[in-house]
Structure formats: C-alpha cells, structure tokens
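Over in TrEMBL, the protein carries these features:
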- Thr150, Ser151, Asn290, Thr291, Tyr292, Gly293, Pro294, Thr295, Asp381, Lys490: ATP binding site (BINDING)
- Asp195, Val299, Lys490: D-alanine binding site (BINDING)
- 9-358: domain 'AMP-dependent synthetase/ligase' (DOMAIN)
- 411-490: domain 'AMP-binding enzyme C-terminal' (DOMAIN)
Amino acid sequence: MKLIETIKHYAQTQPDALAFVNDDKTLSYSELWSQSERLASRLQKETVGDRSPIIVYGHMQPEMAVSFLACVKAGHPYVPVDVSIPADRVMKIIKSSKAELLLNNSGTDLDTGDALISVIKPEHLDAGEQLETNPDNWVKDGETFYIIYTSGSTGNPKGVQISADNLQSFANWVTEDFPVENGHVFLNQAPFSFDLSVMDLYPCLQAGGTLWTVTKDMINRPKILFEALKQSNVNVWTSTPSFAQMCLMDPSFSEELLPGLRVFMFCGETLPASVARQLKERFPKARVFNTYGPTEATVAVTSIEVTDDILERYSSLPVGSAKPDTDIVIVNEDGEPVQEGEKGEIIITGKSVSKGYLGEKELTEKVFFSYNGEAAYRTGDAGYKENGLLFFQGRLDFQIKLHGYRIELEEIEYQINRSKYVQSAVVIPFYREEKIEYLIAMIVPAEHDFEKEYQLTSAIKKDLGSTLPAYMIPRKFVYQKEIPMTANGKIDRKRLKEEVTI
Ligand code: AMP
C-alpha cells in the first residue's frame, strides 16, 4: 500500500524528522517504523484469528500511531478506542468486533470483564528481536484497514469498516488537492476513535509531516492549550468548527500565536460563515476549507475553499463539490434523482464508500447499496445542489451533532429507558441560533424514593455514566407526567423542540 511504503521511505530518507508530537513525547519517522515493525512481528506470533480486528485503546500517546501501523502491517484491521469511552461500551465494541486482542496504550488498566481478549501493553514488548514484516501480508486493496464505531440508533454502537483503498483515495485527495506541503505540521484535535482524526493523521504521514496532538487536558484548560500552541509551529489546522469557535473566543488566537498557519480544514458539522470570516481576518495568510462527509464515506467527500467571494455570496456556506473519484446524487423519497436546486437525500457513490457495518448485515443493507455499478451510501442528510455545489440542510432522522460529536438521540433514549428510575424518556436538543447548545432529557419517572429531583437526576446520570461517553449524557433533566404525542401516537418531537428553542 502506497501510504505504508511512503512512511517506510521517510523512515529511510528523513529518519530523525518527527512524525508525532504529544506534549513532551515525540516519535521520529525511524522510531515509528522500527517500533511498528517490532510490534507487528509480535502480533503475528500471537494466536489471533486471520485478519481479525485488534482494539487499540488509549488517548494521544505516540504508541497509538505505532499500534495502528503495527496492526495493518501484521495484516489486521484496528479499532481505535479512546479512553473517554466507558468500559461498558468498550465491552460492546469488543463483542461486536469479535476482537481477540487489545493493545492498551492508556497507561492504566482496563476492565475487560468476561471478554475473551488478551491485552498487550507497550511495556510487554521486549526490545530484542527485530523482524521485518512482509509487505505481502500488509492490509491492502479492499481489506479493512480500520473500523470506527459510531453511535447507533438501536442502542448499540456500529462499526464502520474502511478499507485500504478507501483510505488511500482519501489520503491522496488531501495531499494532492489541498495546499498541504511536505513536512507540514498538522494539528490533531479529534481523538482517534472519531474519523475526523483520520483527516490529519494519514495525510500528515503521507506528506512526511508532523502530527501535533491536542490532549483532552489541553481542551479543558485553554491556558495550557494556548501556551502549547505557541510552540507548535502548526501549518495545517484540522478540527471541528466548534473547536475553532472556542479558540476564537480568546483574542490571542491569531497569526501572532501561529505565524506558520496556512490551511484550516473543517468537517463534521456546519461551518458558520462568521467563524470562517473571523479566521480569515485573524490569519490573513491562511486558506479556509469547508469539507463534508460521514464516517461511512471515509471522513469527507466534498470540499470548497471559503474565499471572500463565497462569503459575500452565501450566508449559509456550501460544502463544495465532490472529490474526483466520488459523486454526490440528490434523490427524492422514491430514490429518484431530483432536479438541480431541489432538496432531497444526499447519496454518496464511488471510491470513498465503506463496505458496511461490521457484522451487521441488516443495518448495512439498509443504507449501503449499488448505484450505477458504484458502491453507494444513503447518508440520511438532506441537501441540494446548485451550480455544482452541495448545500447541507440538516438531517432526515434523529442523528445530531453536538460540539462536533455524532450522536443518535435514540441511543441515549434507549440507555435512559433502561434505568430503573425511568418510565419513559425522550431527548431533545436545545438550539440557540440554529446550533445545538446542549441536550435535554424529558423524563416520566418510575416510582422512586428520592425526596428531591436533583437526587433522582444524579442517580439516572450515574446509570448513564457506565454506558455512555460523557458527551452523550444530557445536560438538563426535566421531569414530566407525560410525554406529548402527535395525533398518530408518535412522540411529538416537533412540539418539544419548539418548546425548548430560543
Ligand atoms: P461523522 O460520521 O461523525 O463524520 O458525521 C457525519 C455527519 O456529520 C454527516 O452525515 C452530516 O450530518 C454532518 N456533517 C459532516 N460534515 C458537515 C459539514 N461540513 N456541514 C454540515 N454537516 C456536516
């Protein structure tokens, strides 16, 4: 695979160049290559099933990059799992992926309960024998390179399989069609369990650049983040628009802080025109790109440079046009293509489309299909095309984005409803200026002995904490006698949304 060969080439031609920086820990290209060779050789000796997935658990440690590369060199896809994911959910991922091996880079122990899984930590590896892996055995072509788990409406996360071909097509697009230069320093904001991280990790390695990682401690303590950014020399900024918006709240977020910044790449949620405008003012030498795509189509499939002209013409920014080997079709409810300018569901076809959800035939057949001989994915996103540009118009279902995180409201409802303190529940996003600010759980409680509502809330939150990551737990809990229904007996979400929107 070109991506892996290219990393090998850099390990030989620029061995001391840094591939990865995390706080004071660094990894050069030669270290990335040799450590992943050693780990891959060890993985090949373990009795893991042929091509079976390997869980890679941790946060932003350099060992994460070593582990990813080692898995695919040993012929196995990897499943990145961030430390912010609670143990219960990790167990679900282990069971759903049928992984037999977990690489724990987190520095802490992980309770894997009754799962039949062996755990390897970095300190288990001896520095001894260095074997060379055989490129014939590396993950290649249509074989799965990674599996990323996203929120699922049935209450369980679902694993999107991305092949070596999917990923290579994406990495080529970013390195060839964006102003990314060899040796650039890329900012990595998203944990590796979200596919936004793929937008910086692999294009960075393919360009012989340095991945500069933001940890969750930095995000929680902006003063430390800004001090670190000052030393970062970041050239390519990849993040959610929400993260950039948070940084813009600090007046020092400007060219003076990051004089080398040349490219902003956004994906995952609506990029407000005001954010793009402010970035262009504060970083006059940088170009801003809006991109669009779901995990199921390998990070992003459309892009547009947000120029002054675009900002002048559109108050809601377009998400651009499709990458060369991929197409966008807008269809009506019968699956027929609509006229230019007409709204419908966004369908993605071509090289970026995943082969489906791991082990989930039914779910896969619902949204993946073949369109004019090409692999196709029904996004569930609404949109329209005008003058060759795609415009995103929200969702057709209950999937939302909160601070950049993809969430199925039905998954949260499923988990709340499992609590013994709950009779029924519905989760409603609270909107301010068309952006979701937080989630509200509207609950009809079951019988309980708590005197005060806050005690009930903390008991339900405790239940949720063991199954859902923190970003999925509603901020506000409202108790009601009943949940309003529409005339045909469905939860009246529209009315609830209107009640809580300002
Ligand atoms: P994820 O799989 O986490 O990348 O989430 C994919 C979903 O995020 C898409 O289906 C859209 O609903 C939303 N999304 C991605 N990019 C954009 C964008 N540029 N503007 C608006 N929404 C976006």
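A Cβ is built for glycine as well, from the same backbone N, Cα and C atoms used for every other residue.
Unlike curated records, TrEMBL annotations are generated automatically.
On a Cα basis, Asp195 (D-alanine binding site) lies 18 Å away from Asp381 (ATP binding site). When secondary structure is read from DSSP and collapsed to three states, Asn290 (ATP binding site) falls in the strand class.
With the fewest other C-beta atoms within 10 Å around its C-beta, Thr150 stands out among the binding-site residues Thr150, Asn290. For ligand 1, the nearby binding-site residues are Tyr292; that is, of Tyr292, Val299, Lys490, these have a C-beta under 6 Å from one of its atoms. Residues of the domain 'AMP-binding enzyme C-terminal' (411-490) grouped by DSSP class, helix first, strand second and coil last, total 24 helix, 27 strand, 29 coil.
Reduced to three states, the DSSP call for Asp195 (D-alanine binding site) is coil. Those residues noted as binding ATP (Thr150, Ser151, Asn290, Thr291, Tyr292, Gly293, Pro294, Thr295, Asp381, Lys490) have their most widely separated CA atoms at a distance of 36 Å. For the recorded site, Val299 (D-alanine binding site), the DSSP three-state label reads coil.
In the structure shown, the C-beta of Asp195 has more C-beta neighbours within 10 angstroms than that of any other entry among the binding-site residues Asp195, Asp381. A Cα-Cα distance of 26 Å separates Thr150 (ATP binding site) from Lys490 (D-alanine binding site). The number of other CB atoms found within 10 A of the CB of Lys490 (D-alanine binding site), across every protein chain shown, is 9. Mean per-residue pLDDT, taken over the domain 'AMP-dependent synthetase/ligase' (9-358), amounts to 94.
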